[in-house]
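Here's the structure, in structure tokens; my notes come after.
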Amino acid sequence: MMTDSAPPEPIHAEIPEGWLHKAKTLSEALPYMRRFAGLTIVIKYGGHAMGDPELAKTFARDVVLLKQVGMNPVVVHGGGPQIGRMLDTLRIQSTFIDGLRVTDAATVDVVEMVLAGSINKAIVTEINQAGGCAVGLSGKDGRLIQARKMVRKRHDPESNIERVLDLGFVGEPVVIDPHVLIQFRDSDIIPVIAPIGIGEAGETFNINADTAAGALAAQMKAARLLMLTDVKGVLDKDKQLIQELSVDRARLLKQEGTISGGMIPKVETCIDAVERGVEAAVIVDGRVPHAVLLEIFTPRGAGTLIRASR
């Protein structure tokens, strides 16, 4: 006697396709989790990624994930637009030389207040809200970033004299003392650092966030320095993304003029960090959601990777 039997149920009938895709993505990330477990990832955080509320939340979750899977993320943040708005509110005029904010005594107090106060604590709060345990620091804490006054010179073609430009309390790192950060390596703590340096006599110095991140990454021999920016990365002459560069190739592109404008100091920071022991530095498009995870956990990445010449 024949009986009708119900057709077999399709495999995964009750599992949404999106979940299967997420599971596959997690599985593919496993080799990268092993590769970077226990290693330091320094992230320079700024630009659109920091100014957009949704991207800020995404960034915080991504940093927490890095810590949860065994990496040691260190966040160094900027805050130029926020500083500018506060100076405008206080009616303190800003002047720039070669893209650097001239920082007098009144301005440096505002810079420290905005960077080490409001911005730093906002990032810490965002990371903690995402389930992490972030602690805010400035370069003054534990004498983490010891700095000196930056000296800039400019040649005057009319007089043929090289003039020294006074940038005020704009500094450059001379010593990075990472002992405070080393204490956090084997803990759940994620350090978030404002780029404020301390001088030999206790002065406060305003330090470019890219420069501070590069110096910290070099001192800690980080596996990666990620520089979040508002561009795709380094572009070739046809405006196409260059996914990877050697230090030598990066220097050549700079000489040829392919790397120009605001990209020059970022590439120079990456080159300096790599030559001082960072395994690779990456200029990452911070406008892309989950750009940090894409860079660490996928073969293609999310920007331009610069590594030592072979």
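First residue shown is number 1, and so on along the chain.
Backbone N, Cα and C define each Cβ position, glycine as well.
Summarising the annotation, Swiss-Prot assigns substrate binding site to Gly79, Gly80, Arg101, Asn206. Note: Arg101 (substrate binding site) has non-local neighbours Gly80, Ile83, Ser94, Thr95, Thr107, Val111, Val170, Asn206, i.e. same-chain residues 6+ apart with C-beta under 8 A of its own C-beta.
Annotated site 'Transition state stabilizer' per Swiss-Prot: Lys44 (among others), in sequence order, evidence recorded as sequence analysis. In the three-state DSSP scheme, Lys44 (site 'Transition state stabilizer') is classed as strand. Every protein chain shown contributes to the tally, and the Cβ of Lys44 (site 'Transition state stabilizer') ends up with 32 other Cβ atoms within 10 Å.
If you take the C-beta of Lys266 (site 'Transition state stabilizer') and look for same-chain residues 6 or more apart in sequence within under 8 angstroms, you find Asp210, Met227, Thr229, Ile283. Summarising the annotation, Swiss-Prot assigns site 'Transition state stabilizer' to Lys266 (among others).
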Densest Cβ neighbourhood among Gly79, Gly80 (binding-site residues), 10 Å radius: Gly79
Rounded Cα separation (Å) that holds between Lys44 (site 'Transition state stabilizer') and Gly79 (substrate binding site): 11
Cβ-centroid neighbourhood (8 Å) of the substrate site, Gly79, Gly80, Arg101, Asn206 excluded: Gly78, Ile83, Gly84, Thr103, Val111, Val114, Leu115, Asn208, Ala209
Secondary-structure category, per DSSP, in which Gly79 (substrate binding site) falls: coil
Secondary structure of Lys266 (site 'Transition state stabilizer') (DSSP, helix/strand/coil): helix
Whole-number Å value of the largest CA-CA distance among Gly79, Gly80, Arg101, Asn206, listed as substrate-binding: 12
